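Beneath this line is the structure, given in C-alpha coordinates, with notes to follow.
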Amino acid sequence: MILVIGLGNPGKEYQYTRHNIGFIAIEKIANQYNSSFSIKKKFNCEIAETISDGQKIIFIKPTTYMNLSGKSVISVKTYYNIQSAKIFVIHDDIDLETGRIKFKTGGGNGGHNGLKSIDGVIGNNYNRIRVGVGRPQNNQDVADYVLNNFLKSEYETALQAIDRIANNFDLILENKLEEFKNKIV
(Lines of atoms letter the chains of each structure in order from A and count residues from 1; the text may use other names and numbers.)
(Lines give C-alpha, C1' and ligand atoms only; values in the text may rest on other atoms or scores of the structure.)
Protein backbone atom coordinates (compact mmCIF):
# COMPACT_ATOMS: atom_id res chain seq x y z
CA MET A 1 0.00 0.00 0.00
CA ILE A 2 1.23 3.49 -0.81
CA LEU A 3 -0.06 6.92 0.11
CA VAL A 4 0.29 9.73 -2.42
CA ILE A 5 -0.34 13.28 -1.22
CA GLY A 6 -0.78 16.25 -3.51
CA LEU A 7 -0.24 19.53 -1.69
CA GLY A 8 -2.29 22.63 -2.40
CA ASN A 9 -4.91 24.94 -0.99
CA PRO A 10 -8.65 24.26 -1.19
CA GLY A 11 -10.95 26.56 -3.14
CA LYS A 12 -11.43 27.59 -6.76
CA GLU A 13 -9.44 30.79 -6.25
CA TYR A 14 -6.28 28.67 -5.76
CA GLN A 15 -7.00 26.06 -8.44
CA TYR A 16 -4.36 27.19 -10.96
CA THR A 17 -1.81 28.71 -8.60
CA ARG A 18 1.80 27.61 -8.42
CA HIS A 19 1.24 26.41 -4.85
CA ASN A 20 -1.41 23.96 -6.12
CA ILE A 21 0.81 22.02 -8.50
CA GLY A 22 0.53 19.04 -6.13
CA PHE A 23 -3.28 19.02 -6.47
CA ILE A 24 -3.02 19.34 -10.25
CA ALA A 25 -0.55 16.44 -10.42
CA ILE A 26 -2.42 14.08 -8.11
CA GLU A 27 -5.68 14.61 -10.00
CA LYS A 28 -3.94 13.59 -13.24
CA ILE A 29 -2.36 10.51 -11.66
CA ALA A 30 -5.54 9.36 -9.89
CA ASN A 31 -7.48 9.86 -13.13
CA GLN A 32 -5.12 7.58 -15.06
CA TYR A 33 -5.93 4.86 -12.51
CA ASN A 34 -9.68 5.54 -12.99
CA SER A 35 -9.95 6.77 -9.43
CA SER A 36 -12.02 9.79 -8.39
CA PHE A 37 -11.91 11.89 -5.25
CA SER A 38 -14.55 12.18 -2.56
CA ILE A 39 -14.48 14.26 0.61
CA LYS A 40 -13.65 12.44 3.86
CA LYS A 41 -14.24 14.90 6.69
CA LYS A 42 -12.77 12.58 9.32
CA PHE A 43 -9.43 12.75 7.46
CA ASN A 44 -9.66 16.47 6.52
CA CYS A 45 -9.08 15.58 2.88
CA GLU A 46 -10.41 14.46 -0.45
CA ILE A 47 -9.45 10.84 -0.98
CA ALA A 48 -9.33 8.45 -3.92
CA GLU A 49 -8.44 4.78 -3.66
CA THR A 50 -7.58 2.17 -6.24
CA ILE A 51 -5.74 -1.10 -6.67
CA SER A 52 -3.14 -1.57 -9.39
CA ASP A 53 -1.33 -4.87 -9.89
CA GLY A 54 -2.50 -5.99 -6.46
CA GLN A 55 -1.20 -2.89 -4.69
CA LYS A 56 -3.54 -0.43 -2.99
CA ILE A 57 -2.93 3.24 -3.79
CA ILE A 58 -4.46 5.97 -1.66
CA PHE A 59 -4.42 9.49 -3.11
CA ILE A 60 -5.23 12.47 -0.90
CA LYS A 61 -5.68 16.21 -1.28
CA PRO A 62 -5.83 17.88 2.15
CA THR A 63 -8.87 20.14 2.58
CA THR A 64 -7.00 22.21 5.13
CA TYR A 65 -4.82 25.07 3.99
CA MET A 66 -1.23 24.25 3.11
CA ASN A 67 0.24 25.00 6.53
CA LEU A 68 -2.07 22.40 8.17
CA SER A 69 -1.52 19.58 5.65
CA GLY A 70 -0.02 17.38 8.35
CA LYS A 71 -3.47 16.94 9.96
CA SER A 72 -4.69 15.00 6.92
CA VAL A 73 -1.48 13.06 6.47
CA ILE A 74 -1.27 11.81 10.06
CA SER A 75 -4.97 10.85 10.06
CA VAL A 76 -4.70 8.75 6.89
CA LYS A 77 -1.26 7.34 7.77
CA THR A 78 -2.51 6.19 11.18
CA TYR A 79 -5.86 4.81 9.97
CA TYR A 80 -4.26 2.73 7.19
CA ASN A 81 -1.03 2.01 9.13
CA ILE A 82 1.20 3.24 6.32
CA GLN A 83 4.96 3.37 6.80
CA SER A 84 6.70 6.67 6.00
CA ALA A 85 8.78 4.96 3.30
CA LYS A 86 5.52 4.32 1.41
CA ILE A 87 4.43 7.98 1.49
CA PHE A 88 4.95 10.20 -1.58
CA VAL A 89 4.29 13.94 -1.37
CA ILE A 90 3.97 15.99 -4.57
CA HIS A 91 4.60 19.69 -4.00
CA ASP A 92 5.72 22.96 -5.54
CA ASP A 93 9.33 24.04 -5.22
CA ILE A 94 10.52 27.60 -5.88
CA ASP A 95 14.15 26.47 -5.91
CA LEU A 96 13.58 24.61 -9.19
CA GLU A 97 12.81 26.29 -12.49
CA THR A 98 9.28 25.79 -13.78
CA GLY A 99 8.79 22.26 -15.08
CA ARG A 100 11.90 20.79 -13.49
CA ILE A 101 11.27 17.79 -11.22
CA LYS A 102 13.38 16.24 -8.50
CA PHE A 103 12.69 13.17 -6.41
CA LYS A 104 14.21 12.61 -2.99
CA THR A 105 13.63 10.73 0.22
CA GLY A 106 13.90 12.63 3.48
CA GLY A 107 15.65 15.93 3.98
CA GLY A 108 14.67 19.42 4.99
CA ASN A 109 11.50 21.27 4.14
CA GLY A 110 13.14 24.17 2.30
CA GLY A 111 10.80 26.61 4.03
CA HIS A 112 7.74 24.96 2.48
CA ASN A 113 4.87 25.28 4.97
CA GLY A 114 3.08 22.13 3.80
CA LEU A 115 6.21 20.05 4.31
CA LYS A 116 6.84 21.73 7.69
CA SER A 117 3.37 20.65 8.78
CA ILE A 118 3.91 17.07 7.59
CA ASP A 119 7.39 16.90 9.15
CA GLY A 120 5.86 18.03 12.45
CA VAL A 121 3.56 15.00 12.65
CA ILE A 122 5.40 12.15 10.89
CA GLY A 123 9.03 13.26 10.73
CA ASN A 124 10.84 13.78 7.44
CA ASN A 125 11.64 10.26 6.26
CA TYR A 126 9.13 10.18 3.40
CA ASN A 127 9.43 10.62 -0.36
CA ARG A 128 9.06 13.98 -2.08
CA ILE A 129 8.33 14.72 -5.70
CA ARG A 130 9.39 18.34 -6.06
CA VAL A 131 7.88 20.18 -9.01
CA GLY A 132 9.58 23.42 -9.96
CA VAL A 133 7.51 26.58 -10.17
CA GLY A 134 10.41 29.04 -10.49
CA ARG A 135 11.44 31.93 -8.28
CA PRO A 136 9.70 35.26 -7.87
CA GLN A 137 11.28 38.12 -9.79
CA ASN A 138 11.79 41.80 -8.98
CA ASN A 139 11.62 41.36 -5.19
CA GLN A 140 8.11 39.89 -5.38
CA ASP A 141 7.02 38.34 -2.08
CA VAL A 142 7.32 34.53 -2.14
CA ALA A 143 3.82 34.01 -0.68
CA ASP A 144 2.28 36.31 -3.29
CA TYR A 145 4.22 34.53 -6.03
CA VAL A 146 3.14 30.98 -5.15
CA LEU A 147 -0.46 32.07 -4.55
CA ASN A 148 -0.69 33.66 -8.02
CA ASN A 149 -1.81 31.73 -11.09
CA PHE A 150 0.77 30.40 -13.49
CA LEU A 151 1.42 32.42 -16.62
CA LYS A 152 0.07 30.52 -19.64
CA SER A 153 3.52 29.44 -20.87
CA GLU A 154 4.53 28.38 -17.33
CA TYR A 155 1.35 26.36 -16.94
CA GLU A 156 2.01 24.46 -20.17
CA THR A 157 5.54 23.68 -18.98
CA ALA A 158 4.21 22.58 -15.57
CA LEU A 159 1.68 20.27 -17.26
CA GLN A 160 4.48 18.65 -19.26
CA ALA A 161 6.26 17.95 -15.96
CA ILE A 162 3.10 16.44 -14.51
CA ASP A 163 2.81 14.21 -17.58
CA ARG A 164 6.36 12.92 -16.93
CA ILE A 165 5.40 12.07 -13.35
CA ALA A 166 2.13 10.39 -14.38
CA ASN A 167 3.67 8.48 -17.29
CA ASN A 168 6.32 6.96 -15.01
CA PHE A 169 4.22 6.47 -11.88
CA ASP A 170 4.08 2.68 -12.34
CA LEU A 171 7.79 2.65 -11.46
CA ILE A 172 6.85 3.81 -7.96
CA LEU A 173 4.39 0.92 -7.69
CA GLU A 174 7.16 -1.45 -8.78
CA ASN A 175 9.47 0.09 -6.13
CA LYS A 176 11.88 1.20 -8.87
CA LEU A 177 12.46 4.58 -7.26
CA GLU A 178 15.89 5.20 -8.75
CA GLU A 179 14.53 4.53 -12.24
CA PHE A 180 11.57 6.83 -11.53
CA LYS A 181 13.99 9.53 -10.37
CA ASN A 182 15.98 9.26 -13.61
CA LYS A 183 12.97 9.17 -15.96
CA ILE A 184 11.19 12.27 -14.61
CA VAL A 185 14.13 14.62 -15.10
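Backbone N, Cα and C atoms are what each Cβ position is placed from, and that goes for glycine too.
Taken straight from Swiss-Prot:
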type     : residues                    : note
ACT_SITE : His19                       : active site, proton acceptor
BINDING  : Tyr14, Tyr65, Asn67, Asn113 : tRNA binding site
SITE     : Asn9                        : site 'Discriminates between blocked and unblocked aminoacyl-tRNA'
SITE     : Asp92                       : site 'Stabilizes the basic form of H active site to accept a proton'
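Comparing CA positions across the recorded positions Asn9, His19, Asp92, the one lying closest to Tyr65 (tRNA binding site) turns out to be Asn9. Among the recorded positions Asn9, Asn67, Asp92, the ones whose Cα sits within 10 Å of the Cα of the residue listed as 'active site, proton acceptor' are Asn9, Asp92. Take the mean position of the Cβ atoms of Tyr14, Tyr65, Asn67, Asn113, the recorded tRNA site; other residues of that chain with a Cβ within 8 Å of it are Asn9, His19, Thr64, Met66, Leu68, Ser69, Gly114. Among the recorded positions Asn67, Asp92, Asn113, the ones whose Cα sits within 10 Å of the Cα of Asn9 (site 'Discriminates between blocked and unblocked aminoacyl-tRNA') are Asn67.
Sequence-distant contacts of Asn67 (tRNA binding site), defined by Cβ-Cβ distance under 8 angstroms and a gap of at least six in the same chain, are Asn113, Gly114, Lys116, Ser117. Cα to Cα, Asp92 (site 'Stabilizes the basic form of H active site to accept a proton') and Tyr14 (tRNA binding site) are separated by 13 Å. For the binding-site residues shown (Tyr14, Tyr65), fewest C-beta neighbours within 10 angstroms: Tyr65.
Cβ neighbour count for Asn113 (tRNA binding site): 17 (other Cβ atoms within 10 Å of its Cβ, all protein chains included).
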